[in-house]
Each structure stands twice: as C-alpha cells, then as structure tokens.
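According to TrEMBL, the features are:
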type     : residues : note
DOMAIN   : 63-314   : domain 'G-protein coupled receptors family 1 profile'
TRANSMEM : 51-72    : transmembrane segment
TRANSMEM : 84-104   : transmembrane segment
TRANSMEM : 124-144  : transmembrane segment
TRANSMEM : 165-186  : transmembrane segment
TRANSMEM : 206-229  : transmembrane segment
TRANSMEM : 258-276  : transmembrane segment
Amino acid sequence: MAEPRQIVFFLGYQHEIRALSEKWNKILMFTCRDDKAINSLDSNMELGFTLAYAVTMIVALQGNILLMYIVWRRHETRTLTSFLFVNMAIADLLIAVFQMPFSMAHFYVSEFTGAVGNLFCRSVMYLVNVSMTASIFSLVVMAFDRYFAVIHPFRRTIWFRRAKIILPVIWIASWTLMVVTPFSYMAEDSLGKCFYTEEHIPRVPYWTYLLLINYIMPLAIISALYIAIARKIWFHEIPGQLESSRLQPDEQIPKKKVLRTLVIVVVVFAVCWFPMQALQMNLAVTAGLTWHPIAIYSIYWLGQANSAINPWLYIGLNGKMNAAFKRMIRCHGQGNTLSHRLSTATIRSNTAVTTV
C-alpha cells in the first residue's frame, strides 16, 4: 500500500480502493464467499464509470464546440458574457480531451512510469488545474461585468470589460497561479500510478492553496457582487445611489434574466466541485481513505461533468444564444429539405429525358 503522503489524487488510489472495495463487498454481501463475485462487481463498476465518462465526454465536446460555433457565426451573440463562456468552453474542452480519457484509462492501463509517465502525469494535472482556474476566474469576471453594468452603468471604459484584454489575462493568471502543480505530482515507479508527492510542497498547504484559489475566494467574491446586484434590481437599496439612478421596471427585466442565468451557472459549478474539494481536503488532513470507492469515483466524475453541463446551461438559458441555436436548427432543417427537393427534381428531370 502506498504511503499516506501519496494518496491524494484518485488516479493513484487503485490499490487502496480495491482493498477497500473488497472490504465493503464483504460487509454488504457477507453471505458471499466467492471471490469471483467480488471481482465481477468491481468489473461492473469500472464498466459503469467508463460509460459515464464516455457519455459525459461526448456531451462536453458537442456542447462546448457548439457554443463556440454559435458565437463565431452569430454576431448578435458576441457580448463580453458570451466571450467569457467561450473562454470556459475552451477550459472545459481541455478537461474533456485530456482529463476524461485519463480517468477512463485508469481502469485499464496498469502503469504510468518513467520519464514519459512523469511528463504525462504532470502535464495532465497541470492542464486540469489551469482549466478549473480559468473557468472560475471567467465566472468572477462575469460577476464584475454584471456589477458595473447594473451599479455603475455609465462606466463603460473599464479595461476588464474588453474581451481582447481580459481573456488573455485570465489564462496568464491561471497558468501562473497553477505553476506549483507540475512540481506536486509524479509517476510512482513502484506502483505505476500518478501520485501527489510532498517532495516540494507539503500536502496541507498545497490543497489549502488550491481550495482558496479555485473555490472559496472566487465564490465569496461572486456572492458579494451578486448580492449587491440583487439589492439594486429587486430592492433598489444601494447606499449612496441617487433616486434618479434607480432602474425602471422595463430596464430590470433583461438584467434579471442575465443575472438568473449567471447565478444558476455559478450554483451548478459550486455544487459539482464542492464534493471534490471536500474529499481532497479530507485526504490532505487525514492522509487516509475513509470513503467508499464508489463515492470517490462519483465525486471526481461529478466535478468533470460540470464541463458538459456549462455550455448547455448557457445555450438553454440565455435568450440570444437560445434564439441563435434554434435558428441554426431551422436553417439546417430547411437546407436538408431544399437539398432533398433539388435531388428529387433532378431525378424526375433525368427520368423525363430518358423517357423522351
């Protein structure tokens, strides 16, 4: 069994999880004395999670590519919020392309060793953390954008409201803040898995740092900004604001819809990633596994599933994106109908010529 300092990332849990899985199976099915039954259950669990990851990866690829395509083709959707969602789509695609296949490979690939294994292990973990940071930072910028749009509507020259500036800033900040990740993972030769190592950074400070940067601080800032926006829109209670600056009812409707969409996206993000944050901190503090293996795999799948949920939420809840999506479907359907009619007319014409 791996040393306690090494069991933080679930791709390195295989030996501990299998031992714990057998323990739970013996407890829950104490009448079963056949080891084949236990192995069969493990195989079924692996197959189930493999299918879950495969479906999630397909949905994530389709949704995020579709979102980027809509913003590229439809000029009316090109707002700062949409560009920030495109930013999130890029981050989600990185998770779908690198992290999800890596998670599925865990069930079937026995070893990640040597220099190539180390490079692969550290690169994937770095990309995963950078992607998560870029996603949550995009949500923070959305909150600031909504805050200034509602509370300070006449301040339009703020630098971070320019997509060409803020999008690179988000990625540069994400790459920089997560530079500690490559030094925190290694492919353990003795077990052939990707492990967290305390060689450079102790586990508790490292996971506390990630928890603060990628979860607690961003969500605290977002919550404070959205509370201020809600007070302005629904209760008109922003201290120091003049009576004439209050929003009229007709002006409130679109702002409420945008705010509702963003709040839902943030809540879904928080719900999807909270179990993983709790699990990682638990493992960092206790340095031991007290969770059922199914719970561990489900928690990591839920966090990655957020990458498949985000684009469809925005397409479904945002009025302009939803309308553009429906127009694309109608145009595609009309194009197929027109193509079918032209083909039918051509066949009839050729038949008539042949008959004559």
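Positions of Cβ are set from backbone N, Cα and C atoms, glycine also.
Bear in mind that TrEMBL entries carry predicted annotations, made automatically and left uncurated.
Owing to the predicted nature of the structure, the values given are computational and were not obtained by experimental measurement.
Listed by sequence, the residues of this chain that lie at least six past the ends of the transmembrane segment (51-72) yet keep a Cβ under 8 A from its Cβ atoms are 78, 82-83, 85-86, 89-90, 92-93, 95-97, 100-101, 103-104, 301, 304-305, 307-308, 310-312, 314-315, 321, 324-325, 328. Most Cβ pairs under 8 Å to the transmembrane segment (165-186), among the stretches 84-104, 124-144, 258-276, belong to 124-144. Within the same chain, residues 11, 49-50, 53-54, 56-57, 60-61, 63-65, 67-68, 71, 124, 127-128, 130-132, 134-135, 138-139, 141-142, 145, 163, 166-167, 170-171, 300-301, 304, 306-308, 310-311, 314 sit at least 6 positions outside the transmembrane segment (84-104) and bring their C-beta atoms closer than 8 Å to a C-beta of that stretch. Taken together, the residues in the domain 'G-protein coupled receptors family 1 profile' (63-314) have a mean pLDDT of 82 on the 0 to 100 scale.
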